[in-house]
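Over in TrEMBL, the protein carries these features:
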REGION    1-99  region 'Disordered'
COMPBIAS  18-27  compositional bias 'Basic residues'
COMPBIAS  28-82  compositional bias 'Basic and acidic residues'
TRANSMEM  207-229  transmembrane segment
TRANSMEM  288-306  transmembrane segment
TRANSMEM  380-401  transmembrane segment
TRANSMEM  421-442  transmembrane segment
TRANSMEM  454-474  transmembrane segment
DOMAIN    524-639  domain 'TMC'
TRANSMEM  601-623  transmembrane segment
TRANSMEM  644-665  transmembrane segment
TRANSMEM  701-725  transmembrane segment
COILED    729-756  coiled coil
REGION    773-861  region 'Disordered'
COMPBIAS  777-791  compositional bias 'Basic and acidic residues'
Amino acid sequence: DKEEDESKEEDKCPRQNRASKRKKLQRKNSDGKKTEEEVSRKRERDKKASTKEQKDSENKEEKTNKEKGKEGENKEKKDRKNSTPSTASNSSDEESLSEEELAMLMEQVEQKKKLISTMRNKPWRMVKKLSMLKEAQAFVEKFEGALGKGKGKKLYAYKMMMAKKWVKFKRDFDNFKTQCIPWEMKIKEVESHFGSSVASYFIFLRWMYGVNLVLFGLIFGLVIIPEVLMGMPYGSMPRKTVPRAEQATAMDFSVLWDFEGYIKYSALFYGYYNNQRTIGWLKYRLPMAYFMVGISVFGYSLMVVIRSMARNANESTGEGDDENFIFSWKMFTSWDYLIGNPETADNKFASITTSFKESIVDEQESNKDENIHLRRFLRVLANVLIICCLCGSGYLIYFVVKRSQTFSKMQNIGWYERNEVEIVMSLLGMFCPPLFETIAALENYHPRIGLKWQLGRIFALFLGNLYTFLLALMDDVNEKLAEEDVLRNITDWTLLNHHNSSMGNGSIATPPPLDPADVPRGPCWETTVGIEFVRLTVSDILVTYVTILVGDFIRACFVRFVNYCWCWDLEAGFPSYAEFDISGNVLGLVFNQGMIWMGSFYAPGLVGINVLRLLTSMYFQCWAVMSSNVPHERVFKASKSNNFYMGLLLLILFLSLLPVAYTIMSLPPSFDCGPFSGKKRMYEVIQETIELDFPLFIAKIFSYVANPGLIIPAILLMVLAIYYLNAVSEAYQRSNAELKKKMQMLREEEKNKRNNKATTNSVMQDLEDLLNPSMRSENHPKHVEDEKIEPPNKTSPVGKQGKASAEDGSPINGRRGAGLPPPLHMLVTRPPMPGVRAPYLGQPRPGAHPPGPVPWRGRGQ
């Protein structure tokens with residue numbers, strides 16, 4: 001009984017608070033009604049006061065009120081001037097809000113802020129969202145400064161204003177950074193129409209442009225500019241002067257097109273640079289700078305490629321697994337509601353449509369059934385045909401290079417004989433990839449897997465062609481090295497004869513120097529190799545642009561305008577519009593970059609040519625794609641990371657480093673051209689710099705470090721570390737896969753438990769309805785309006801809820817609860833047990849109760 005009394009007293013306290021609140025509301029309503037009645041009475045009086053006397057009296061009153069108001073204003077101004085600090089504090093206290101109002105304002109401002117932050121998640125129409133957002137923002141701006149007290153209001157308002165401006169500045173700066181990303185909108189437009197696979201090529205092209213821009217800055221700033229500004233001028237020495245026999249045709253277009261004449265003896269190639277240890281008033285060590293820049297080109301490229309691969313791997317693992325509910329996520333979360341431009345909206349619509357096509361293709365490929373034996377036979381046949389094509393192309397390039405060496409010894413050869421190697425390699429790069437794609441149709445791979453196979457085959461083609469070209473070129477280099485021994489003797493003999501002839505005359509004056517154009521010079525095999533790489537690069541650029549113009553643009557114009565008067569549908573049949581060749585373009589970029597890495601050591605200006613090529617390719621190919629190409633029939637999604645492209649690039653980087661390292665360590669440099677002339681090997685520049693410019697103990701340290709007894713164990717240790725890290729990463733991958741499986745199993749178990757619980761609850765309720773119909777009829781009487789029911793068990797939640805509802809609905813507590821509406825929502829803290837049901841308001845509690853003194857009543861009244 002004591003516990004029941006205490007619970008009743010606790011229930012009375014909140015009821016008294018509710019009653020006080022109701023009285024306040026009633027008073028406010030009554031005050032509002034009184035004010036409305038007074039306003040209506042004033043209006044009636046104004047209508048009745050139609051006589052002139054009343055109007056005159058009203059005018060007089062208005063004049064007197066105005067005069068009084070002016071006098072009052074003047075008095076207030078005087079009082080403000082003569083006011084003391086006490087009056088100022090009193091006025092500030094009057095103006096400041098009370099604590100309750102401040103608390104209410106604080107709550108409302110926080111609610112509005114929360115509404116603004118969660119506005120995008122509300123299931124409202126856009127018109128309602130915008131209107132509610134404007135109202136909330138206006139409310140926050142108006143009342144946020146009032147949360148301070150007294151003089152702190154202005155400081156608080158100033159802080160809030162500066163915080164908002166700082167947020168706006170950060171948002172604008174982020175937008176500015178995205179706008180500064182080159183060609184971002186072009187790539188987004190291409191992605192919206194052609195899918196992520198085509199856009200991945202342009203992203204890769206933009207990345208390559210950035211890398212080449214840094215390499216060009218290194219070479220141009222540390223090698224070319226110092227030689228041009230501080231080195232010997234043109235015509236001062238034989239290596240910087242066109243020979244006398246070539247000066248007549250040195251400016252002809254055909255000669256310049258072959259990179260001979262004045263271009264050959266310019267800063268574009270290796271042979272132009274002097275072999276002096278220091279040049280200019282800065283004592284700049286040009287040979288050392290040339291060697292270190294050549295090594296840093298490979299070092300920087302290797303670092304950037306590995307770093308980008310690691311970043312892509314982290315992004316791909318951080319995105320998580322999105323294989324569940326793919327179409328639901330795309331349907332309900334793809335649209336961007338911040339788009340305000342119609343063109344951007346069209347691009348976004350096309351992008352969402354393309355992404356649905358990609359997901360549909362992936363789903364179809366995962367559920368496809370096929371004949372395994374026939375598929376294996378066709379794939380083996382396709383690989384055999386492609387290997388035959390690769391062997392034939394390699395033999396053809398070797399034959400053509402050998403033939404060009406015989407042409408170089410002949411005179412009066414034509415344009416085709418001079419450029420036969422470049423033409424054949426460009427034609428193989430043009431026609432072999434479509435042939436591989438036709439053969440790959442037999443394999444019927446998924447588009448993403450087929451793209452990787454196609455990339456690997458074209459990569460093998462380009463790599464085989466490149467190394468065949470290098471092997472044939474090495475034969476030419478060995479022949480030129482044999483010629484240099486003879487020409488060196490001739491040059492020394494010519495200079496000695498000139499000196500002896502001038503001294504034999506008996507003149508005391510110094511002999512006039514020999515004209516640099518008349519000095520015999522060697523073949524300079526480094527410049528010859530650099531010219532071959534520049535020719536290959538330029539021919540590749542021209543072939544690529546001509547292919548785009550003829551194979552894409554002119555073909556699209558023919559199909560577009562001749563389709564009306566042709567025998568069949570050109571758009572649906574042959575030739576139709578061209579599709580964008582992803583594999584051919586990607587491998588063209590990789591192959592071209594490999595040539596740049598190899599040729600930049602022999603032709604420092606080659607990187608500048610490649611920068612111009614990549615810059616024009618971005619605009620030209622974007623225009624060609626949007627105007628002349630159509631999306632692939634089987635649109636597929638590119639991999640989340642471009643690590644496959646980066647892997648090919650890393651492989652070509654390593655393979656392009658090998659020929660350069662071989663020439664630096666094994667072949668002797670030319671005796672009369674280049675920064676390393678006069679040395680047995682190119683790497684002797686480092687030894688010379690260490691011996692002459694560094695202290696003796698540093699030279700000893702370098703000699704110890706260069707010992708093979710330390711290098712070989714260091715390499716073995718690096719190999720073991722790589723193997724260990726690879727094993728650890730594989731173990732992490734396996735553990736992640738197992739965790740994913742366990743999480744999926746737990747989720748399935750929870751679903752099964754929920755389903756089983758729902759079914760058992762429904763079955764138990766049906767059984768109860770069938771087995772106890774008589775108990776239900778006894779426990780639900782008809783006339784229970786004036787009865788008070790107490791709960792059988794006070795500790796159960798159902799009993800507490802029934803008690804509260806009975807007390808609120810009883811006639812004893814009718815005065816307190818008459819004005820309160822029934823609760824709209826009921827908090828459920830545990831699932832209902834079978835056989836126990838919560839009563840509604842005003843409904844008797846089911847179940848067995850202890851019998852009272854009167855039938856159909858409880859223990860109480």
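Heads up, the Cβ atoms here are built off N, Cα and C, so glycines get one too.
Note that TrEMBL annotation is computational and uncurated.
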Fill in the blank from the handout: Of the listed stretches 207-229, 380-401, 601-623, the one with the highest count of C-beta pairs below 8 angstroms to the transmembrane segment (421-442) is 380-401
Practice task
Report yes or no: does the transmembrane segment (207-229) come within contact of the transmembrane segment (454-474), defined as 3 or more CB pairs under 8 Å with a sequence separation of 6 or more?
Solution key: no
Practice task
Looking only at the domain 'TMC' (524-639), report the model's average pLDDT.
Solution key: 85
Practice task
Taking helix as H, G and I and strand as E and B in DSSP, count the residues of the domain 'TMC' (524-639) in helix, strand and coil.
Solution key: 82 helix, 4 strand, 30 coil
Exercise for the section: For the transmembrane segment (454-474), find every same-chain residue at least 6 residues outside the stretch whose CB is under 8 Å from a CB in it, and list them. Expected result: 386, 389-390, 393-394, 397-398, 401-402, 405, 421, 425, 428-429, 432-433, 436-437, 440, 529, 532, 536, 583-584, 586-587, 590-591, 594-595, 598, 644, 648, 651-652, 655, 659
